[in-house]
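S.K.: Pasting in a structure now, in structure tokens, and then I'll have a few things to ask.
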Amino acid sequence: MELQHFSDVHPLIFIEQAKFGFWCNGCGEGIEGSCYSCRKCETDLHPSCAKLPLPRELQHPIHRKHPLNLHKTPPYDGRTCTCNGCNLPCRSFDYHCPLCKFDLDIKCASLPLTIKAENHDHPWTLFRNSIPFICSTCGKEGKGMPYLCGECGLWVHHNCASLPCMVKHIRHKHPLNLTYSLKDDHFEHRLCQLCVLKVDTNNGLYYCSNCDYVAHVDCATDKEGRDETFVWESNDKDPIESTTMMKEEDSGHDEFTNEFCYIVKKTKVGEDKVEIPIEIKHFAHEHDLQLTTKLENDKICDGCIRSIFPPFYSCAQCNFFLHKSCAELPRKKRHPLHQHSLTLQPMSDSFDLVQCNACYHITNGFTYKCDVCNFTLDVPCSLLSDMLTHVGHEHPLILSSTTNAEECSACNSKRKIFRCTKCEFTLDFGCATLPLTVGVQTTRASFYTSFYC
């Protein structure tokens with residue numbers, strides 16, 4: 001596929017996957033995925049930039065004196081300039097006035113004059129002068145042309161003017177609503193449940209009223225954490241999901257029987273005559289498994305690779321053991337560490353070892369794996385959510401998404417951690433999933449795990 005473009009004398013060839021390090025000559029940003037390219041001239045364009053209808057001459061309201069002419073690169077020595085719209089360096093397509101030495105990059109030149117967004121009652125109007133301002137939504141400093149709501153006195157970045165009213169993050173089970181402030185009895189500062197840093201409640205934020213859950217605008221809309229299966233239509237009363245994962249998350253293990261694990265035999269116990277399965281067929285094993293309540297100190301669960309304890313299921317024909325809780329694990333689930341759904345995988349026949357992406361321990365037991373990318377969790381780590389109550393510490397711990405390296409208070413590793421919001425205590429996944437006691441049969445002793453703040 002070829003495209004004739006003003007920026008190159010040769011036809012641009014469509015490339016399915018650009019090489020690492022390609023930069024778009026149109027917008028100046030990196031290219032991930034497909035592009036239009038001329039290798040002779042080293043011209044590379046995003047498909048969206050290549051097909052953008054750019055007039056060769058532009059009469060722009062920010063510079064009414066003279067028309068602006070489109071250039072492949074800024075017409076200065078060094079082929080660079082400072083955009084008069086955003087005050088950022090421009091080395092790509094440039095609208096230029098030779099009389100006034102005035103320049104606009106294509107992003108600023110293409111900004112709409114008004115935005116009627118779903119996140120605000122009034123339209124946003126482009127302020128046609130470059131000024132320093134504090135964004136009323138994200139609270140960050142801006143330098144350029146902000147959008148203004150004259151009725152509310154709000155100044156926002158272009159991206160913040162177009163934020164969705166509602167988002168779904170993989171770290172929280174409910175959708176989060178955009179609000180411009182938390183009033184009434186709320187504190188002026190809260191902690192973001194995603195990065196565990198302060199949130200100024202006078203600025204915009206994403207909020208779940210069901211859980212009193214607060215998140216920074218940037219944290220809630222981060223590409224890696226955003227749940228892309230979530231769909232919300234502004235005309236609908238309730239959000240919907242394009243998958244059934246939320247239903248699966250909330251259902252727990254009420255429905256034990258399915259095509260992956262079904263009941264062979266059950267019995268009634270107790271005064272209430274509650275039925276429990278005493279023999280099952282599990283997808284991870286070829287034989288039926290029978291429920292056992294006696295203690296077996298020297299056995300290991302083939303699911304979580306931890307010491308077996310009752311109640312558990314065992315195979316009468318071979319050496320296979322499974323905690324009752326491990327037998328009831330859902331086949332698919334979501335986890336706050338990953339944006340895609342994870343599928344339960346049994347131990348392989350070849351006993352291959354895999355590494356958990358949370359605790360970095362090696363396992364040959366059950367794992368949850370992503371069908372899209374190379375992400376794996378062992379069973380103990382898959383059971384942890386974004387909030388942790390641990391017997392080793394008096395305060396709740398929150399899974400931190402900050403990129404700053406923080407040491408685990410127990411082992412000093414610098415990995416994915418849970419943080420205490422009240423003190424400096426932290427735990428990584430490996431320490432958070434340690435068993436509280438470890439029995440040693442030969443000495444008839446037990447060792448207890450202790451944590452200190």
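Placement of Cβ uses the backbone N, Cα and C atoms for every residue, glycine included.
Heads up, TrEMBL stuff is auto-annotated, nobody curated it.
Heads up, here are the entries from TrEMBL:
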type	residues	note
DOMAIN	10-55	domain 'Phorbol-ester/DAG-type'
DOMAIN	23-87	domain 'Zinc finger PHD-type'
DOMAIN	120-165	domain 'Phorbol-ester/DAG-type'
DOMAIN	134-212	domain 'Zinc finger PHD-type'
DOMAIN	287-332	domain 'Phorbol-ester/DAG-type'
DOMAIN	300-360	domain 'Zinc finger PHD-type'
DOMAIN	338-387	domain 'Phorbol-ester/DAG-type'
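Quick one: where do these features end up spatially?
M.R.: Across the domain 'Phorbol-ester/DAG-type' (120-165), the model assigns an average pLDDT of 89.
Per-class residue totals from DSSP over the domain 'Zinc finger PHD-type' (300-360), listed helix then strand then coil: 4 helix, 22 strand, 35 coil.
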S.K.: Provide the three-state DSSP residue tally for the domain 'Zinc finger PHD-type' (23-87): helix first, then strand, then coil.
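M.R.: Counts, helix then strand then coil: 4 helix, 24 strand, 37 coil.
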S.K.: Which numbers of helix, strand and coil residues does DSSP report for the domain 'Zinc finger PHD-type' (134-212)?
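M.R.: Tallying H, G and I as helix, E and B as strand, the rest coil: 4 helix, 28 strand, 47 coil.
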